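These notes are about the structure you will find just below.
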Amino acid sequence: MMTAPNVVQSSPSLALSFLSDLTPPSLERTWLTAPHPTLPLVATCSSDKTVRVYSLVNFRLLSTISGGHKRSIRTCAWKPNVSGESVLATGSFDATVGIWRRWDDYGEEETLAQGNKNTKNFGAEEDREEDEDDEWRFAVLLDGHDSEVKSVSWSASGMLLATCSRDKSIWIWEDLEDGDNNFETVAVMQEHEGDVKCVAWHPAEECLASGSYDDTIRIWREDIDDWGQVACIKGHTGTVWGIDWEDAENVPFPSTSNGVSGQEEEWKTWHALSGPRLVSCSHDQSVRVWRRQPKAQLNTAGASSIPSIIRPSGTDETWEEDVVLPHAHELPIYAVAWSRRTGLLASVGADGRLVVYEERFVSSHTKPQAMNTDEVSPNLGEGVCAPHPSTEWSIVAVVNGAHGIYEINHVAWAKRADRGRDGNKEEEVLITTADDGSIKVWTLTR
């Protein structure tokens with residue numbers, strides 16, 4: 001049986017430092033900041049019915065997108081795997097989803113992402129024309145939800161867009177990429193019993209997760225042309241405000257003790273079987289990590305062998321709670337972000353606190369032990385052990401009152417692109433978004 005991670009409440013060991021505000025900010029509540037997948041850009045959505053696009057090179061406003069929605073813009077997401085232009089989806093309290101396009105004329109995409117000499121032009125908003133806003137084209141309006149749109153998310157391929165709403169539904173749209181900005185409705189799922197707060201696509205597969213006011217997380221997959229629920233994850237005792245997936249290649253930090261070996265390979269083996277984990281945050285003030293049980297496999301040791309575990313066939317999945325992270329918030333937690341580069345987790349919420357967590361291997365590696373059929377992992381035969389290395393989670397950095405007295409609505413990781421970065425390594429920044437309209441950028445150092 002897989003060894004559950006330990007939870008360690010420790011003194012912060014990393015330093016979170018304020019780097020810059022994104023300026024000028026909105027004068028109204030700002031909900032979310034979405035980093036561009038390749039360029040040093042972020043998009044922020046606001047109650048003033050606009051999306052502001054900022055440079056991460058000099059933290060200045062590049063353009064303001066407006067005119068497409070009649071009420072607050074609650075959410076936005078960049079389409080991945082697009083060449084030559086940027087495509088942004090926006091979700092609004094007016095119950096619609098907008099698709100915006102803009103040709104990438106800041107310079108060569110690759111050189112901009114690397115932050116070399118061309119980045120100077122990218123960050124120099126003073127060189128821009130007054131009609132910058134007109135360069136964003138309102139391509140299409142997706143209409144279908146009956147109430148406020150709360151979250152939008154593109155699949156890893158960029159072909160599918162998921163949207164969710166206060167109307168308790170999740171819609172999946174396919175971008176036909178026919179040159180006419182046509183989208184087709186692929187599925188409408190209505191199993192949630194409350195306002196659906198968030199959706200997030202698996203980092204590699206066409207698998208969708210959602211969180212809701214009904215306190216559950218649900219997993220969705222397509223089976224023979226029909227989308228349906230394959231898991232309903234229960235454990236939170238309050239609204240699930242945010243979810244995020246672990247990177248498919250994530251490996252915990254090494255143990256601080258010497259003499260620990262083999263854990264990384266064992267981890268990768270288990271990771272390949274169960275796939276990326278899912279993290280969630282809730283009104284119940286907890287951050288929880290969930291892991292999918294691997295599908296049952298047949299024991300093929302001999303011709304007469306039979307499965308050691310009899311499980312129903314079909315698409316249903318079993319998800320288990322991997323760990324509850326150390327308690328760090330005193331009020332509802334609104335957002336959580338799992339770094340694709342380092343595996344660090346960050347959370348923010350109504351208490352104005354920014355918290356960073358780290359997972360490490362521990363030296364007290366549980367030795368493999370034979371187990372009975374009631375305890376065996378579903379992917380293993382009778383008496384076979386599950387040598388999963390032990391890990392522990394700890395709080396490594398905390399900032400209280402990160403935006404003064406204001407609630408923090410969102411947190412995101414992004415690649416650092418300003419001139420103060422270390423050019424010899426790939427650094428990250430944290431971006432927090434708050435009720436007062438401010439967006440702050442933070443660095444994390446050991």
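Note: Cβ is positioned from N, Cα and C throughout, glycine not excepted.
According to Swiss-Prot, the protein carries these features:
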{"type": "REPEAT", "residues": "22-64", "note": "repeat 'WD 1'"}
{"type": "REPEAT", "residues": "68-110", "note": "repeat 'WD 2'"}
{"type": "REPEAT", "residues": "144-183", "note": "repeat 'WD 3'"}
{"type": "REPEAT", "residues": "191-230", "note": "repeat 'WD 4'"}
{"type": "REPEAT", "residues": "235-300", "note": "repeat 'WD 5'"}
{"type": "REPEAT", "residues": "328-367", "note": "repeat 'WD 6'"}
{"type": "REPEAT", "residues": "402-446", "note": "repeat 'WD 7'"}
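Taking DSSP states H, G and I as helix and E and B as strand, the repeat 'WD 5' (235-300) has 12 helix, 18 strand, 36 coil.
Below 8 A, the CB atoms of the repeat 'WD 1' (22-64) and the repeat 'WD 5' (235-300) form no more than two pairs separated by six or more positions in the chain, fewer than 3 in all.
Across the repeat 'WD 3' (144-183), DSSP classifies residues as 0 helix, 19 strand, 21 coil. Mapped onto DSSP helix, strand and coil, the repeat 'WD 7' (402-446) counts 0 helix, 22 strand, 23 coil. The repeat 'WD 1' (22-64): residue composition by secondary structure is 0 helix, 23 strand, 20 coil, according to DSSP. Tertiary proximity for the repeat 'WD 7' (402-446) is limited to same-chain residues at least six positions away from its ends with a CB under 8 Å from its CB atoms, namely 13-22, 25-35, 40, 42, 44, 46, 54-59, 113, 115, 119, 334-337, 339-342, 344, 346-354, 356. Confidence over the repeat 'WD 7' (402-446), given as mean pLDDT on the 0 to 100 scale, stands at 94. Secondary structure counts, DSSP: the repeat 'WD 4' (191-230) has 0 helix, 24 strand, 16 coil.
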